[in-house]
Amino acid sequence: MLSPNQGDFVWVDIGAHVPIGAEVKVTDTGQFQLIDDEGKEHKINKKTEGAIRPMHPTSVKGVDDMIRLGDLNEAGLLRNLLVRHKEGIIYTYTGSILVAVNPYQLLPIYTVEQVHMYTDRRLGELPPHVFAIADSCFFNMRRNQRNQCCVISGESGAGKTENTKLMLQFLAAVSGQHSWIEQQILEANPILEAFGNAKTVRNDNSSRFGKYIDINFTKGGAIEGARIEQYLLEKSRVCRQAPEERNYHIFYYMLMGMPAEQKKILSLGNAAEYKYLTMGKCTSCDGRDDVKEFAHFRSALKILMFTENDSWEICKLLAAILHLGNVDFEGKHGTMEVEPKALEKSLTQHSLMTGRESVTKPLTSAQAKDGKDAFVKAIYGRLFIWVVKKINAAVYKPPEDGEEVRQSIGLLDIFGFENFNKNSFEQLCINFANEQLQQFFVRHVFKLEQDEYARENIVWKQIDYKDNQGTLDMLANKPLNMLALIDEESNFPKGTDSTLLHKLNQVHGKGDIYLCPKNNYETQFGVKHFAGEVHYDSNGFLEKNRDAHSSDLINLMETSTNKLLKEAFHNALSSSTIKSSGNPRMIIRADGKKRVPTLIGQFRQSLDSLMKTLTVCQPYFIRCIKPNDFKRPMLFDRELCMRQLRYSGMMETIRIRKSGYPVRYTFSEFLNRYRVLLKTTLCDPKTDFHDTMLEVERMKELNEKALVIQKVMRAYKYRYGTKVVSYFYSFFFVQLGFARLQAQVRSRQLQFRYEKQRKASVVLQARVRGYQARKEWKRKRDAVILLQAHARGGLARKAMKKRKTDVSSTERTSITDQEMVDSIFDFLPGMVGGGQEGQAPKFEGRVTEEIDIDEQPMEEGLPQEDDDDLDEYSFSKFASMYFQGAATHSHIRLRLRQPLLYHEDEGDVLASLTVWWIILRFMGDLPDPKKRVQAQGGSPQERLMPQEKKGSPPQYPRSRHDLTEVSKPPTLQTVSEDDDIMVGEGPTLDRPLTVLEKLHIIVGYAIVRPELRDEIYCQICKQLQDNNTRNSYFRGWILMSLCLGIFPPSDRFIRYLQSFIRFAPGGYAAHCAERLRRTAMNGVRGEPPAWLELQAIKTKKPMIVSVSLMDGRSINLPVDSASTSKEICQLLSNKVKLKDTFGFSVYVALYEKVWALGGGREHVMDAISQCEQEVKRRGGQEQHAPWRLFFRKEVFTPWHDCKEDTISTDLIYRQFIHGLKCGEYQSKKEDDLVQLAAKHLYIQNGADSSAEHVKEAVQDCVNNTLLEAKSEGKWLQMVSAAHSQVSLPTAEMVDYARETWPMFFSRFFEVVKLSGPALPKSKFIVAINWTGITFLDEREKRLLELSFPEVTGVHTMREAKGSGQAVNLLTLKGDFSLSGGTAEDMAELVTMFLSGLRERSKYAVTLKEADRQDDPTFLSFKKGELIIIIKDDEFSEQRGWIKGQSESTRQTGAVPTEAILILPTLSKPTNAVMSLLNLSPNQRENIIRENQKETGTMERLAPATLREFSLEYFRQPSKDVNRQVMSRNAAPERLWANSREPIRQPLLKKLVGNPELRCWLFLDCCVPILKYMGDYPTKQTQSPLELTDQIFGPATKNEALRDEIYCQIMKQMSGNNNRLSVEQGWQLLWLCCGLFAPSQSLLRHARRFLETRSREPLAADCLQRLQSSLRMEPRKLPPHQTEVDAIQQNSTQIFHKIHFPNDTEEVAQNVEGAQSRRVRYIFVLSLNDTDYFFDSLRQITDWSKKAKRIKDGGPVNIAYLVFFMRKLWFNVIPGRDAEADLIFHFPQELPKYLRGYHVCTKEEMVNIAALLFKIKVGNDKSQLVMIPKMLKELVPADQLKAMSENEWKKTIVASYNKQAGTTVEDAKVAFLKAVCRWPTFGCAFFEVKQTSEPSFPDIVRIAVSKEGLTIIHPKSKEVLANHPFNRIANWCSGSTYFHMTIGNLVKGSKFLCETSLGYKMDDLITSYVTMYLNEQKVLQTRNQRFNM
């Protein structure tokens, strides 16, 4: 039982249908009582306790989203809306459904700020709002490319119409175009409301029709049109209204707002005079100004393109309706323009056809009245339809392409469910529509629920939910449904409402949905709708459904001269489709079939169309709720709202939610909220409570804890309060003080004693616990040792047993195995002498040291797997899973028909079979062929190797001496494939082969073809499995061991191979496992095994290599087949204790060659193998190859410091001295060498310069050639003389060598240039050292030098298949794309140097200007200025600030990091670098191009084509049957080459499947390109502009077509021998490069296409335009006429004459425009900053051409002028910028002053007149007599008559004389200073005609300035209104109109004016608003930055 507490909220069931919320209160007597939400009191007693249940906390204060309610029921929803309504919150979500409660007051939530707030925000981010739904519609339409719709429903007065208008307003605002079409769509509402809305009891502006507004958008998100569909206009309201209701608004607007003279013409009076307007006894509406509304209505008609004649015709028909309502036709029926007598006869008589005669029958007065009403309703209904069609004609633009799919958002504003006291035919139709929409709604809600379960991965069963399918079936779907029966009965002439009711009872009476009448006399039947039962009165059903009109009246309409009336009745009057019949309702079509058009039929057809439209859209729902029937704010009727919630289908949402999982918390939310209930750390998962019970328990726990806290706090407060009282009792206070002091002392003593005892107890506890822990650990350790002993014993016994079983076989085979190994390697000598003799560079007197194997650092290879784990990976298991066909895992002796594994490449298949054959022969399973066939050209081994590169050491640039220092080879994988081997049993294999030849073939294939490696291992394992032949078995394991040292298996097979080699014989298991681990860790080798490796395999001894150091030491290192340069460098560095290890490398020397292996993953044995191959190529023996290994410095870092590592410095110094001796480092002057020798002498011996020491120094430093050229004695003499002046350490000698010979300390990379600035060679070497990057050719000629500040970036990219790596090197001298085998290493080195330099750099260049002179904290600088960075940590670089000093001004201050670019340099950048940094990319390209032309470095390359690009991106060539028949051997179609035949399909395969592009490709692209280039015959001559429009027009709109255009143009230029055609193609390509850029996949090929045609005149310009297009947005329109004309004259420089306001001109280049010509047509428009010049110009000229063509006919040419002038007058202060004042400000302001736009005093006018006179004549006083004639140029036009001419002259002369000494320029500035004091300074003025404000004059003057928009009286210059920009909610312009909305979007005032300059006003306001918005963004960003 619930025990309530005060303040609790509970639910109380008071007998109503829905429980009500209540708060628990305590009365004065202590009893509990409940105060419910309506303020009523309820007592709590035993009877009421059962009706009380707890309320979930979410229901107390309400939630934004009712899905989150804990009380997910009707009461919860209702109270949530009530609570929020009391707080003034009218919007609430239910999931994505918006519930809107009508506030009946204007709320400040519909401002422009709200629009910006909700723009581009996700649903739920902000509080619920109709703008959020509109934004979600717009966002999802753009993102998902799917149409959206929003269904807005509710009762009359719930706010549907207002929410629809708000949706429209928001969509127009976010569209952001301020276009006229947007305003037309918005202004359609006032017209529709005037004709379709009326005042009812429930709503002052009730929509009496439904409408669907389909808004169309462009792909860019701009509104381009709309279409309106209307449903079920309530036509009966025209003839009769309920009490306190009005007719449609339009009648009252017209009678109140129409001028008296027009009303007189139509014989109109007041509303009280007309019966049709007084039936409801209400002719006015509070809060609605009919006069103002009529003005707005007339304005809307103008905006919607209704002519004045249209407006007058509408008024005439409305007046006719009013007159007909009074049934007084005399003199008042002329508005219908029919014969009065004919009209009277048609209304009072009825004609019937009997046989062949027409019989006229008089009507009774009641029949005549009904006929008249029906006729009036028909007129009004058809007038409404005509108005809607007229609106659609204005706002709807059909797509140009019939198949074009538009994006759209549909708004459905439709009547809600209706259930009145008396329901008729209209209510049945309305409720049927609501049934359809409810079915749509319920299914959508269920789908959302289903999607959420799927998104949360919740396992759920099918949710059963109740739908209304049965009601729909009964109404419209089943045979003989209700609507069909009504239609059927309407078609029977004798059908009546009674017969209809009888049929309905008979057919549907037995069902559960249809409710029969209680007796035979009742005319009401009922239907169970989803919202409840509704009873309908059948009286009048058939008549309303027939909607019949008298044939006499229809025929009368045919005689009318009123065009609007005839147009409205066009369908009924069409003689081709209707004929008169005996049944006046029967329509006989031209095909002879009869049909009766009924309202139900028409409505069902419209509704079906609507549902189809909604079904394909993503729907949103807005449910409008009316809070009360009295239209009062802050009044909430619970019963009314509850009924509407049920009608709206919200209960179905709840039922669906509750049938699933209604309580939804995340785990963290649930834990944080309810963890207080846990009594322990464990939770019982079986316990399950509803979250309401959890909330009750939670509140109890929190209350208990709160009480505890309160007790403690109150006690403390009480104790603290006693101190105040003690002041009055001093003696007692002293006594109490002593007592407290004693207590404190005693407590301290007790505390000290307690702490001492506690510490002792803790120590005792620790000792005891330690003893117990040690005792327990010893017991467990003894147990573990015992267990281990038993386990090890068992394993040892098992191993011993296995060893005993194997010992006999081992003894038998040991000798045989060794003999077998010797026989296999019988070609090896006893000792391999590689590296021990020959001509390689070597040092005398070396000291040899060794590195033991144990000294090698432990490396992490593959994870070591236990044998038990590897047991799962048996080879037989792998064979069963992956082997093809019937292949097994065991040994065979047969040839394979197919590889063991599957291979996609046919070459891999053939190679697999070849390798299998060689493996069988190697193992002896197949004999070698007996015949010997010697292949031509080379030794057998050379032919059988998979085509190695003969002469293995790579070729590098030579130095001045035989020794050459190079970097690592471009690639060590020099093995390639020999085509002869691919034939299987070819002539080169069908002969006896040596063991080494077989080995090289097997290994060579594995190196070249990665896919074959697993195949080779599987073949070897297969031949070893179950192999009983000892010879074959051991040969196989030897082959396995050799392969394991060369290449690793794939990840898929490695575990199986590890498992297999465990069972190797003898010592092979461990040997093979180690080789596999090492090879897998270091990767595949690039060369076959060296002889040194084979010798190690034979002897089973480790390989030892000797590495020479530059200090004379030689270190012996143990290596294996997988050893890399990095590992050797690490071993050597550790051995000699190097600290600075960067840049040291292993060098290989052979003969006179020396090259570097680097310090990376290069295999040392590959280099040795290369040396052996080179020796063999020269005719020597591989085993005696004279190679040597050296360890020396290869490259320095730019920040190298010799003092950091003395050992490193000494090694480099020794290397330098050795290089001097060898001639590697050569001095230009003999004196330099003498100085170096003297310095060496000083370093070695100090001041001792004995002859012996001098001789040693000369022998160390001077090359033998120089010693021979000059006697040794002279060298000794010179060195001795220089020694006395030398004193320096070793480090300085190293620095000297580094700075003097930087190229000798470089790392080299072989590359191929793919794209970039032209160089003499495309294949060259990149040298990187501490000074920068140098491009060298093979002769060491420097092609290009780059310092590091000139390198802006580097990044790697993966080339196409098989092309290797590529690097993009971005520099100030151009961007280079370089490809090479070591490109990634090059990029890594450059990146390391750049990042290291930037970290250490103190130089930066500014990227933009900063003027902060007002604050000394900040540094002011200009763009491109050099900044010296001061690193003193005064400012935090993490927050975006550093301290810097300007190099030019020497000022210091804070610099934002985003405003500078830190230069990668340690020294001050040169002026050349700074000048390059300050240039634009285009300027840098021009300089590079000019330098290339001067130096003659333009490349001559073969013209590139799209052949490579076509392999991956083009479609397959089409198969032409005719062509194949004519020539069987014809080559396939070359899609990338020139062709004169138009293509029928796109080139790009991604476009082939797009049917929309097929027609365009043939007609609008391919053929025009051929025509323009002259490759296609044409009968009619087309202008070049027409062709370029056809070529580029679609591509500017559709991005997918742009690559196709590039490809087709380049295709036609490839292989084209017609020079004229190629020139035209270059013109097209030039235009194309300036319009848009190709995609990234095509960009590289397009650049290559242009670069390889650099000699073409337009190639360089095309490259430049292409580069610009990459940085900028693509153009929106095709080329302008000027561009086409210019390029046709081969002119790429387009000039424009720019006109300034002061009548001066300048010619500007590269503005992409043409020279000015004579003006024939002037259209002034300011260009947008973000728009392209020619795009804007194209819009203007196209518009002008269209208007001119319509006026004059035929094509026309439009000339134009380009002006440059001030547009926005913001922050203009005269005198601050004299040049701007003279050129712009004065000439623009003077005409405004002289036209009289400003308000000024007489004294100001005289002073200004004198200044203007000074400007006119200067100091020539003889012109004073001319003042009267010059007054128009001195005085405002409206003030000329303020004084006489003589008075003007007299005052002007007096003022002029006071200005002696003033120059003309000073006078102009003085004029501006005088004018700038007026508020209208800088305004743009417009004279307009307005019709919106009756209190304003017809003609007003509008001034637009930085302050906003001001409306001025043109004569008195009085300010009528001021509208700041933040108050202007919306604005737009049409051809002759300008419209704006001021204030709130709901009730904002509208201002419409007529002017031809509306577009200028629109543009000016847009520019000012954009400027202010940008400033706000900058301020917000700045504030955020400083607040961090």
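Note: Cβ is positioned from N, Cα and C throughout, glycine not excepted.
Residue ranges 9-31, 607-629, 1711-1733, 1826-1848 are listed, and TrEMBL annotates 607-629 among them as region 'Actin-binding'. The Cβ centroid of G154, E155, S156, G157, A158, G159, K160, T161 marks the ATP site; residues of that chain outside this set whose Cβ lies within 8 Å of it are N102, N203, S206, S207, G416, C624, K626, given in sequence order. Cβ crowding, taken as the number of other Cβ atoms within 10 Å, peaks at G154 among the binding-site residues G154, G157. Residue density at T161 (ATP binding site): 23 other Cβ atoms are found within 10 A of its Cβ, drawing on all protein chains shown. A158 (ATP binding site) is surrounded by 26 other CB atoms, counting those within 10 A of its CB over all protein chains shown. Long-range neighbours of S156 (ATP binding site) (same chain, six or more residues apart, CB within less than 8 Å of its CB): T200, R202, N203, S206, S207, F415, G416, K626.
Broken down by DSSP into helix, strand and coil, the domain 'SH3' (1399-1465) contains 8 helix, 26 strand, 33 coil. For K160 (ATP binding site), the Cβ neighbour count at a 10 Å cut-off comes to 29, with all displayed protein chains included. DSSP places the residues of the region 'Actin-binding' (607-629) in helix, strand and coil in these numbers: 9 helix, 8 strand, 6 coil.
For G159 (ATP binding site), the same-chain residues 6+ apart in sequence whose C-beta sits under 8 angstroms from its C-beta are A100, N102, C624, K626. Sequence-distant neighbours of E155 (ATP binding site) (same chain, 6+ residues apart, CB-CB distance under 8 A): R202, G416, F417, E418, C624, K626, Q644, Y647. Within the model, the domain 'PID' (1900-1929) shows a mean pLDDT value of 91, rounded to a whole number.
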